[in-house]
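Participant: As annotated by Swiss-Prot, active site, proton donor applies to Y50, with the evidence given as similarity to another entry. Marked as site 'Lowers pKa of active site Tyr' by Swiss-Prot: K79. Look at Swiss-Prot and you will find H112 tagged as substrate binding site, backed by similarity to another entry. Annotation comment: Swiss-Prot describes 168-169, 217-226, 273-283 as NAD(+) binding site, evidence class similarity to another entry.
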Amino acid sequence: MASPTMKLNNGLDMPQVGFGLWKVENSVCADVVYNAIKAGYRLFDGACDYGNEVECGQGVKRAIDEGLVKREELFIVSKLWNTFHDGERVEPIVKKQLADWGIEYFDLYLIHFPVALEYVDPSVRYPPGWHYDDAGTEIRPSKASIQETWTAMEKLVDAGLSKAIGVSNFQAQLLYDMLRYARIRPATLQIEHHPYLVQQRLIEACKTEGIVVTAYSSFGPASFKEFNMEHAEALTPLLEEPTIVKLAEKYGKDPGQVLLRWATQRGLAVIPKSSREKTMKSNFEAVGWDMEDSDIKTISALDKGIRFNQPANYFSTDKLWIFG
């Protein structure tokens, strides 16, 4: 079974169901990527900050060497970290990331967060994380503007280092500003999206502007409990939420499939992950069946406006209220 594709605004076809690589441990990452390719996944969503791009590339190489897939059949996504936003830093770090993956180009490259931090040389610490110092106490902003960074991103397309470019964790006002000066429009926006954080107006804004939305953390608090976030622990896990469980029974699916289909049926791409082959295959079936419109609305009504993936939820800071 192949994932259906979504047409990006540059004509590129992007698989609607991909495989996320956040928190995939280095020790198993190569095998996880290889097994995901065997299970049918073709889009892999990585990032500098995940710290596992070398191992991701090893899994891809193994699959290609064994004839399971060709490079051109894969859709590999990566992201620009905050410490590389200065215009002259963008291309060098992309080339490093490509070398880590062992590939010549990305299919899609995103600005990870709309936050510019002071440069940390990869030879000093990589991935650099949010803090300038090794002790993890000092946040140092860079003076790079989003426009400066985006101009450098556009040059990646010109140089053939990425086929498409986009953004992640941006809000509508930043997107509207970008569209005033962008020579190459962002092809996608990647956002935290689950029934506890629907962001429907942002999704509608992207649809109007021809920007495809990719949902991450589709299972909500399940991805964040290990960080001891009180609000993640206080909420009913979405995989156990009575509304979701009831709909899973109604459609003969598991709760994870219901959560993913809620997104894909509304026109979003998804990037779930699992190290278990059974769950890999289950998550891949987030398309090919439909729920009634009333059930889609019932899931959306669970919205609480609760966001998990913001810096202040990971460490104490008064400087990084990105979504304020």
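Including glycine, each Cβ sits where the backbone N, Cα and C put it.
Could you give the neighbours, burial and distances for every feature on this list?
Facilitator: Sequence-distant contacts of Y50 (active site, proton donor), defined by Cβ-Cβ distance under 8 angstroms and a gap of at least six in the same chain, are L21, W22, K23, V24, P127.
Under a cutoff of 8 A between CB atoms, and with a sequence separation of 6+ in the same chain, the neighbours of K79 (site 'Lowers pKa of active site Tyr') are G46, A47, C48, D49, Y109, L110, I111, H112, S168.
Other C-beta atoms found within 10 angstroms of the C-beta of H112 (substrate binding site) number 21, with every protein chain shown included.
S168 (NAD(+) binding site) falls within a strand segment according to DSSP.
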Participant: Got a sec? Which of these binding-site residues, S168, S218, T279, S282, has the most Cβ atoms within 10 Å?
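Facilitator: Most Cβ neighbours within 10 Å: S218.
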Participant: Between the binding-site residues K273, R276, where is the Cβ count within 10 Å the lowest?
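Facilitator: Checked K273, R276; of these binding-site residues, fewest Cβ neighbours within 10 Å: R276.
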Participant: Can you check what DSSP calls H112 (substrate binding site), collapsed to helix, strand or coil?
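Facilitator: It is coil.
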Participant: Write out the long-range same-chain contacts of F224 (NAD(+) binding site), meaning residues 6 or more apart in sequence whose Cβ is under 8 Å from its Cβ.
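Facilitator: Result: S217, A232, F308, N309, N313.
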